[in-house]
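Participant: Below: one structure in structure tokens.
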Amino acid sequence: MLGRVSCRLARLSQRSTRSYSVEVTDERWPGWQPVIGIEVHTQIRTRRKLFSDAVANFDAPPNSHVSLFDAAFPGTLPVLNKACVDLGARTALALDSQVHERSSFDRKHYFYADLPAGYQITQHYSPLATGGKLHITHTHKKVKHERDVRIHQIQLEQDTAKSTNQPGLTLIDLNRAGAALMEIVSEPDMRSPEEAGAYVTELRALLRAIGASNGNMDEGSLRCDVNVSVHKPGESFGTRCEIKNLNTIKGLQIAITSEIHRQIALLSSGQSVAQETRGFDEDRAETFKLRSKEDAPDYRYMPDPNLPPLILTQDYIRDIRARMPPLPCDIRQRLSEQHGLSERDIDVLMSMWAVSDVPFDGEWREDDALSYFQDVAQGRDSRTVANWITNELVGSLAYRGEAFTPQKLPAAHLGLIIDMVQASDLTATSGKALLRRLLEEPCTSEPLSALIDRLNLRSIGTDGLQQICEGAIQRLRAEAESARRGNTKVLKRLVGEVMKASKGRADAQAAAAMLREMLGLPIEDTKD
Amino acid sequence: MRRRPPPLRLSRRTYATTRPAQTAAKYLERIRLDQGPEGLNAFVSVNYDLPPEVPGADGTPEPRLCIAVKDNICTSTLPTTAGSLALSNFNPPYSATILHLLLQSGAHILGKTNMDSFGMGSFGVHSSSGPVRNPRDRARVAGGSSSGSAAAVAGGLCDVALGTDTGGSTRLPASYCGTYGLKPSYGLLSRHGIISYADSLDTVGLLARSLPVLSRTFQILNQHDPRDPTSAPEDVRQAVAGAARERLRRLGDGVKGLRVGVPAEYCPSELSPQALRPLRNALRTLRRMGAELVPVSLPSTRYALSAYYVLASAEASSNLARYDGVRYGFRAPAAGEGERGDAAQGYARTRTRAFGEEVKKRLLLGTYALTAERLTEGSAFDNYFLQAQLVRKLVKRDFDAVFSAPNVLSSLPAENPTGVDLLLHPSAIGPAPLFSQLAEQDSLDAYVQDVLSVPASLAGVPALSVPVSSQGMDRGEEEEVEGCVGVSVVGQWGWDELVMRVGEVTGDKGDH
């Protein structure tokens, strides 16, 4: 917790940020101020569903993980999954939200095939937590923006089934029915599409770091509804429209931008904005009307008579707090302060964990960006380590189109490669080759040093280099003669020949130095 | 003309033990004999498999407790229709927890009993399987909604019947048919596998001709169930059982020193004179045995019936939303090719056909009570649902104020030295109506039947309808009595044992 406090203090001292206390309107819509609030629905990363013991697995064949309760069979009753409450409370604490000692569950009614019981169990009247904030940072047009986005409330609820429409047919997959969702509702605190994107990005990173959700937007485990309104600075907020179901950060930003332009166009032509729910057409980059306020369904909210109030004691909340994994801002801060890494390196390190698997039920994840870095950096130079990770490792993974997991390259292996390169036992080229080889085929049984020998990667040493240089001079006599006469340009060809002959085990600079010595050229020239 | 003698001669042996009276084979024979157009119509499905015999201590077969189960309690071996076309073809893939408990204890399930659709009805006439006749007088209704269960018990077709009780559905037919009918404290008996009508009020009910058999069945079922989120936790059960057992120990064998409250509000203008005589007899018995009778007041009683119908209907409108014909149960076929693919139309068609008039009426009422539509002042939800919840709190407070024992579920349990141990009042405003009288009644008359039973449902406290002789004890008071009315014994939450003790003392010793 100390880390979090100092983390916040560090933010206060940061400079070059733009203040929003004076409203400066965006050049895209001069004279207009957009106001944005976001409702995020995110699947809670639990093994089992919110009120049933069916496994929450949405990739499985349709309707293969369905309990009688999920299918709303008569006589079945909900039994609350404690792991979902734990992760909800953990999220609330991570967002500085007030976890209520007493919250309760309500039914929201509507008839649709994706809702087998005819109602969704949610927390309408007394949510799990209210208040809180999320600090966001983003850079737009080279200006760094920072803001605390306030959280309105956090509630637990059931996910619906997945329906797939075909002509004249609706297919229902109940695997998702009754899975645990968390709805995180922000206050209307964002002022630009980029800020909205930064909020979702930051929230997603936080949820992943604490194990509350895998935040996978492609698979629909994190979905956004966005409220947008525009007004002139100094005037009160305009009428808002809600855009439903935005499933990519890019799509969210495009939808908001388009909606801002639509509303400004209406108001500028003397019309008014009608309060309505809108959808987003990604292909046309436009929002479209789903229903007006008058058509809004009456959900007939009713306290769920089967579920007693959820009572969370102070002891329980203390316990959840004590088991809180490090938050992204804590990790960033330690990478920066303890290891002196640049913001760019930290960004790359953090992004390596952005797609990794999140363990179920809030179980402690053994590794994160910080712990992996620390394991490799133990007794080594931080910057060198950062360089290897953010350039060589990330680059090789990107080339392979793979996501990082610590199993792919254990910290000990990467550390050994760095050490050997530092000690010139491996050339940098060989080190990189070894790294790529390990990603291709993880070294399990064989000791790494044996593998290096087997692959003949070990540095050839001074004697070996001398032999190879001699060989090169023999083979390229004309060039060697030319060099002796002072034509240093051909030296590059000779070095190339040496490198080729050594299969990367020779160091290019050392080779150039040795060739110069052999050909009787001055040494100082090699420095360029 | 309507006084048809019951076709079955029941033995007159006094039933003082908890042993079952008949073997399963004997009961099955009676059930078979009762079938046909003149029968009680108590059973909707029968289990004809005879259980293997278990030899007792003396070598003769130990009779199993033979049980009839209301058709809204899920059984994996018999269909479960809840008395509705909506579930006419429903074979549950699981059995209710209480059914497992009974089977584990060696009980035998005879079959499933007829009922008002989804438990909605006071007379047992709103069933897709037709009305149930009263074994005492076949021209009269058996009462509802556990109509088949009460008729099976009173007609000698089983030892015990499981019913359900949401606002009186066990106690009213027990009163009409002259059997014991217990609505236990809410949360003691598992509801897992009970088809919901109104979850916050639904309880399993027990019906029997003798109290020891009923009590024994209650003991078997009185267990915490982790599958029911409203099942009372172990610590609460132990806390209240300790206090109740201590009170029973102090009472010894009898009821000497027991303080019995007689609530003034339970004699509404609709009460028939027949309803008072059994109550008077029961009170006389108790006083003779040394109990103290105390007049008490439960002032919120008059609002209870309206509050009950708002809450029960609201919950029903939510609980019955699942009967859409998609995953199980009845589905109305599409009228034409054009109607295919329109889900909303499919739901409407199926639900219109599947639900009877009484169910539809309550679903519409309940749907309305939950709407957020703005009225002149507030919404329907504010004016009906929230008001009804408020009344429910007042009714609970009324009970807590008169009982001497504290309510362990309330936040501030405090002993009340001037309070009473129990309340006694008539179970119903009159005897079972004749089928011929129903046509003259409007729907409100049916709802008024529940006026005396719904307060205990709203408060979740135990209530037992006890068959008490209506014969006058004094000379000259004897007259012909048409139909019977039970006496209800109501206790504090968790004091079911004490309620049953007083039921045993005041009730008719069951003809068997």
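Cβ from N, Cα, C; glycine included.
Heads up, here are the entries from TrEMBL:
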type: ACT_SITE; residues: B:Lys70; note: active site, charge relay system
type: ACT_SITE; residues: B:Ser145; note: active site, charge relay system
type: ACT_SITE; residues: B:Ser169; note: active site, acyl-ester intermediate
type: DOMAIN; residues: B:66-499; note: domain 'Amidase'
Participant: Does anything in the same chain, at least 6 positions from B:Ser145 (active site, charge relay system), have a Cβ under 8 Å from its Cβ, and if so what?
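Facilitator: Same-chain residues close to B:Ser145 (active site, charge relay system) (Cβ under 8 Å, separated by 6 or more) are B:Gly83, B:Met115, B:Asp116, B:Gly119, B:Met120, B:Gly121, B:Ser122, B:Gly124, B:His126, B:Gly163, B:Thr164, B:Thr166, B:Ser169, B:Pro173.
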Participant: Taking the Cβ of each of the active-site residues and counting other Cβ atoms inside 10 Å, which one has the highest number: B:Lys70, B:Ser169?
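Facilitator: Max Cβ neighbours within 10 Å, all protein chains included: B:Ser169.
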Participant: How does the model score the domain 'Amidase' (B:66-499) in terms of mean pLDDT?
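Facilitator: Taking every residue of the domain 'Amidase' (B:66-499) together, the mean pLDDT is 92.
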Participant: Does DSSP put B:Lys70 (active site, charge relay system) in a helix, in a strand, or in coil?
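Facilitator: DSSP call for B:Lys70 (active site, charge relay system): strand.
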Participant: Can you tell me the three-state DSSP label for B:Ser145 (active site, charge relay system)?
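Facilitator: Assignment for B:Ser145 (active site, charge relay system) reads coil.
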